[in-house]
Amino acid sequence: MTMSTSYFVGDTVALTARTLRHVTRSLDTIITTVITPIALMLMFVYVFGGAIDTGSTAYVNYMLPGILLITIASGVAYTAYRLFMDLATGIFERFQSMPIARSGVLWAHVFTSLVANLISLVVVVGVALVMGFRSGAGVLAWLAVIGILFLFTLALTWLAVIPGLTASSVEGAGAFGYPLIFLPFVSSAFVPTQTMPGPVRWFAENQPVTSIVDTIRNLLAQQPVGSSIWAALAWCVGVLVAAYVLAMVAYRRKIA
Amino acid sequence: MTVQSAGEPAIRVQGLEKAYGKKAVLRGVDFDVARGSIFALLGSNGAGKTTTIRILSTLLKADAGTAAVNGFDVATQPADVRESISLTGQFAAVDEILSGRENLVLVAKLRHVKDPGAVADDLLDRFSLTEAAAQRTATYSGGMRRRLDIAMSLIGNSPVIFLDEPTSGLDPEARIEVWQTVKELAGHGTTVLLTTQYLEEAEQLADRIAILHQGRIIVNGTLTELKQLLPPAKVEYVEKQPTLEEIFLSVIGDQR
């Protein structure tokens with residue numbers, strides 16, 4: 001075992017503790033992460049929701065999965081931001097010049113993203129509960145939901161590492177999240193896709209968000225998930241692998 | 001880790017070349033730094049000082065030539081090089097969200113020293129930062145940041161220290177403090193390679209001075225040797241006006 005591997009765990013723990021402090025000491029990052037999804041939730045449930053026909057499903061139950069994905073998409077922008085700042089301030093290079101497991105610097109940001117997004121998701125679900133969200137799902141279904149959200153967060157976090165490493169400005173590092181936040185609107189997240197015109201409907205039904213949203217919604221509503229769970233998992237794993245490979249390419253270009 | 005015999009130079013650079021695209025930054029740089037000495041790389045902005053330091057600290061790969069630090073080749077034994085060095089980059093790379101003490105403890109953990117807390121407290125004391133230990137470094141003055149930055153580089157007692165423009169942006173008082181620290185370091189046998197744009201800094205600190213100009217070392221010698229390159233000194237009577245720096249230091253000295 002090389003020196004780097006034997007130190008990997010200890011070094012990554014120390015570095016993760018550092019980035020976690022960045023989250024706990026700037027709780028505004030959690031607030032700005034959850035404020036957009038909560039505002040959208042209020043708008044859709046109390047303003048537009050009445051006009052959207054979701055059958056017997058309460059609208060807050062219908063749209064919560066999409067809101068959770070938007071929460072994650074806005075949360076990972078901070079991973080790009082924090083990584084960008086580490087590069088800009090030179091602390092990234094300081095760590096890379098030290099005898100540590102070098103990749104631990106990236107993993108620390110990834111683990112921190114998972115924790116920060118978990119906090120944000122708990123806050124958003126809490127607000128949804130106050131707004132009337134209910135689920136009779138059992139432990140297994142909830143575990144499946146958490147698993148899918150975990151995979152989605154991991155995939156988007158590695159995606160966020162790419163602009164974090166390559167952006168030339170702090171705005172650029174954060175801007176990659178906008179299309180991700182927009183994607184749920186052209187999916188089954190807020191409106192049943194049957195109402196959309198042909199090409200839009202085709203896009204909505206075949207983009208990753210719809211399968212993920214449908215799976216989470218059915219799990220929470222104790223409905224059969226059908227094949228959508230496999231499509232959801234395939235999308236999450238596919239994006240994760242592609243993002244990880246590209247992030248590693250960007251990382252290798254950054255360090256000698 | 002093997003430590004090389006005293007006869008070998010701590011740093012040996014031969015024929016180093018580096019280009020960014022078509023722009024050649026280093027065009028064949030050669031120099032040796034003797035163990036336990038202070039070596040100043042003097043040059044204007046864009047002369048290639050930082051590029052040299054980044055290659056020596058394994059953050060950047062050279063296009064041609066070789067470089068060895070503490071007997072280890074930077075290209076083929078980068079992990080051993082990182083065990084031998086400490087880098088203090090151009091911009092005091094401290095974590096602004098952490099306190100001064102937390103920054104030191106983090107580096108101590110990453111350097112795997114015993115009792116990181118005690119190491120941190122000792123350095124806080126040595127660098128007159130004990131009072132500010134619990135404050136976030138974002139509140140520190142430029143001089144305090146730089147002192148903390150250098151203190152972080154001392155953890156683990158690396159035999160070779162790189163200081164990239166250690167006093168840029170500091171006020172005269174803070175600059176003298178940094179000079180004092182660097183002299184102490186070399187007094188304890190640490191090899192110091194520093195880059196600077198200030199002639200006076202090189203004159204004050206360095207055992208040897210190399211002038212890097214347009215990617216080449218054009219002069220390399222002791223201060224005495226460099227002075228011999230100029231015509232012999234003439235004796236002239238000039239009324240000596242105090243410099244503004246002398247006035248500044250004497251005035252604030254009275255205030256303390």
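Note: Cβ is positioned from N, Cα and C throughout, glycine not excepted.
For A:28-254, the entry in TrEMBL reads domain 'ABC transmembrane type-2'. According to TrEMBL, the transmembrane segment annotation covers A:30-52, A:64-84, A:105-133, A:139-161, A:173-191, A:229-251.
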Checklist outcome for this item: Spatial neighbours of the transmembrane segment (A:229-251) not adjacent in sequence (6+ beyond its ends, CB under 8 Å) are 103, 106, 144, 148, 151-152, 154-156, 158-159, 161-162, 165-166, 208, 211-212, 214-215
Next on the checklist: Assess whether the transmembrane segment (A:105-133) lies in contact with the transmembrane segment (A:173-191), where contact requires at least three Cβ pairs under 8 Å among residues 6 or more apart in sequence.
Outcome noted: no
Checklist entry - Which one of these stretches, A:30-52, A:139-161, A:173-191, has the most C-beta pairs shorter than 8 Å to the transmembrane segment (A:64-84)? => result A:173-191
